[in-house]
Structures are given as C-alpha cells and as structure tokens.
Amino acid sequence: MLDIIGIGIICIVLLLIFIGIGVPIGPSFIISGLVSTFLMLDATRAMALLIGSAHSSIAGPSWVAIPLFILLGGLAVQSGMASKAFKSADALASGMPGSIGIATNLGAAGFGAISGASIAATSIFGKMALPEMRALGYDKRFATGIIASAGTFASMIPPSMMFIIYALFTNTSVAGLFFAGIIPGILSAVIFSVYIYLRCRKDPMMVKRQKEMPVMAPAERVKAIGASWPIMLVAFTMLGGIYTGFFTPTESAAIGCLMILVVGFFQGHFRKLDGLSNALKESANTTSMVFLINIGALFYAKVLTLSQVPGIVTNYLVNLTIPPIVIIILICIIFFVLGMIMVPIGIYAMILPIVAPIVSGLGYDLIWFGVITMKLVEIGAVTPPVGLNVFALKGVAPKDISVSDIFRGVTPFVLIDIAILVLLIAFPILSLWLPNLLF
C-alpha cells in the first residue's frame, strides 16, 4: 500500500510524463491529479475535489480579472494603439543609430502598459516593424531578435495577466506586483535600447541603409509623441485608480476596456463591429484555454497539498544549513529549465504551490519573488524549444526568416535579461522600492 507521500510523488511524475508525451497542460494536470486522488480518496470525494476546484477557479471574484485583462489586450490590439506607440517611440529615437529598432523596443514597452499580452505584442510589432527594418537593411537575425525580445515587456510592465495569476497562486497583492514590475520593466527596455544603439553604432552593417532614414522635424516629433495620449491616459487611469484605492485591479481592467472602446470608437476603430468582434473572439478563445489550465492547476495544487509533499519539501529546505540565496538560485534554475519546455501558466501552477512557502519561509518577499519569476518567464518566452514569442513572430515573418534565425537573434537579449535578473536578485530594492513607497 502506497503511503500518502509516495502518492504525491506519483502525482508529480505522472504530470511530467504527460507533458513529455505532448498531452496539453490543462488535461495533464487533471488526469495526473485524478489518478493520484483515486489512490488517496474514494471516487466520490475525488470528483467532488475536482468539481470544487473548477467552481472556485471560475466563480471566484479574483479570477474575473483574467478574462477582463485578456479582453483589454485584445481591444488594445484592435484599437490601433500599438501603431501609435510605435510611431511615438520612432519620433523619440529619430536620427539615432538603430532608430527603428529602438522605436520597436520602446513602442512594445508602451503597448505593454495597456495590453499585458506578450504574444500579441510580438505579433503586431512583427507586422509593423519588421517590413520597415528589412527595407532599411537590418540584419534579419538582429531585427527579429529585437522584436521577439521586446514583446516580452508586456509580461512585466503592468497591467500583466501573469502577475494576476501569480497573485492568485501565492495570495499576494496584485497592486503590489503591478507597481513592483514598473522599474524592472522600464530598466529592461532602457538597457535593450542602449544595446541596440551601441551595436548599430559599432557595426553599421547591422543596418545597411540607416543613413537613408529621414530625421523627423521637431514639429513632426511633437505631433507623433502627442498621438500616444490614449495609451498614457488608459495606463495612468488604471494604475492611478489602483494606487488611490478608487478601484480594485479587477475593476481597473473593466475601466481600461471601457476607455479603449470609447477612444477607439471616436477614432473610428470600433464604428464597425469587425474589430470588436475579433477582439471578443480572440479573448474568448484565450480565456477558455487559460481557465482550463487554471481548473487543472488548482485541482493539482490541492492534490499535492493533500499528499503533504509541499510541506515536507518546505520544512526540509528551510532547515538546511546552506545559504538561503543558494536555494533561491536553484529555484530560478528550475524555472529557467521549465520555461524552455512549458507555457508560463503551467509553470506557475506546477511550481508555485511548492516553492512559494519555501521562499516565504526563508524570509524573502513574495512580491520580489514574483518579479524574479516574471523575468524568468520573459526569458522562457524566447528560448528553445517552446519559445512562444519566437513562434508568434515566425507566424508573421517572411519565408526567408527561419525559426533558427529568430532564436539566434534573441541570444544577445537573453544574455542581457540574465544580467538584469542577477541585478534584480542582488538588489531587491529595484522591485520593492515603488510598492513600499506607495502602499
């Protein structure tokens, strides 16, 4: 007869096997959890646990934020705000070496401030910026590396759906996580921009026809930058409302959706139903996928808790004599490896129920740890073999650009991201200063 801890280990092994043979992540959680639960409980209680997990992951008020933030990203894509962000950033970078690359980088950061959708940002900037980069003679690996890497900013810069999911799994403050992501997100965008500038300045062959790029007149710059006012208005309203307490993060998503709809309507984007219909369809598809994963993940987490595995692992690691930072580094390595083969929501669902108590028990702030895991999620989005942003960009790139070209192009940016990750681990104040100041 298996003991309860052995059943917990079986639960973990089964999940890894299902993922390894290609079963979708949501069903993998549910099947491995059910098999393990049948070994611990009778069939009636096992099914009751699954049904309860399904109900709490959909009916809970906190989970309402997820479809709203998904819809926010869909509306932002259809409203043309990405184009405004790109043109404004282009105006700021005009005349600099690698100006279109820098504009793509900064524009994606600006778009991330209202969308929170990494894959959407990568796809839309791939459609807008890649043709211009190719026309100016950008090296194809360099160009695609910029776009795929810049798309990851939407995960870190608030509002971020992944921060909401992290908060729900760890019982941390969504508002605190949002504000904790601002400085690391801006820091990443600035460092990437500096790298693009220095590389183009050192090696003019990266952009063969850079000198043909016209420099914007001051009046044009002011006009282009001013056109981004809807993005700033929506972002400041959402974050300002959260900070002042006028509304919760969930309510801020609803208000953001309403603002984009109103602004988009008056600017002509939603006067026909096509744009709104596309946003609703895409949001419904994404929400169904996310909720299936969430149902399986919550059920799986409850099964693990019943098996006592998380508590045993936590007590063991907390009582080790090795420095706590070594344990944090080991956890980061696990996240990094899983990020190469799994989608971010699956990683959070699989790992956070185990590691969050460990991190908290070691005395680390879970909001700081949320920023660390988000940076690891960003890295995972552009590393093989999964690399969701890479495949999203390949879907809109010309045929002469291969997946291998994009993965090679993102390599320098991955190395920069790892350096930024080290900074965030070494200096927690970079993540915690703003939330500590405001809350």
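Heads up, the Cβ atoms here are built off N, Cα and C, so glycines get one too.
The feature domain 'TRAP C4-dicarboxylate transport system permease DctM subunit' is assigned by TrEMBL to 12-428. Per TrEMBL, transmembrane segment is recorded for 5-23, 63-82, 102-125, 146-169, 175-198, 224-246, 252-270, 291-310, 316-338, 345-362, 368-392, 413-434.
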Test of understanding: applying the rule of at least three C-beta pairs under 8 Å (pairs 6 or more apart in sequence), is the transmembrane segment (316-338) touching the transmembrane segment (146-169)?
no
On the 0 to 100 pLDDT scale, where does the domain 'TRAP C4-dicarboxylate transport system permease DctM subunit' (12-428) sit on average?
84
Counting only pairs 6 or more apart in sequence, are there at least 3 Cβ pairs under 8 Å between the transmembrane segment (102-125) and the transmembrane segment (345-362)?
no
Could you tell me whether the transmembrane segment (252-270) and the transmembrane segment (345-362) are in contact, taking contact to mean 3+ Cβ pairs under 8 Å with a sequence separation of 6 or more?
no
Determine which recorded stretch among 175-198, 224-246, 252-270, 291-310 has the most C-beta pairs below 8 angstroms with the transmembrane segment (5-23).
291-310
If we call contact 3 or more Cβ pairs under 8 Å (sequence gap 6 or more), are the transmembrane segment (413-434) and the transmembrane segment (224-246) touching?
no
Please report, as numbers and ranges, the same-chain residues at least 6 past the borders of the transmembrane segment (291-310) whose CB is under 8 Å from any CB of it.
4-5, 7-9, 11-12, 15, 25-30, 32-33, 36-37, 40, 49-50, 53-54, 56-58, 63, 66, 165, 169, 343, 345-346, 348-350, 353-354, 357
With CB pairs under 8 Å as the measure, which of the listed stretches 63-82, 175-198, 224-246 comes out on top against the transmembrane segment (252-270)?
63-82
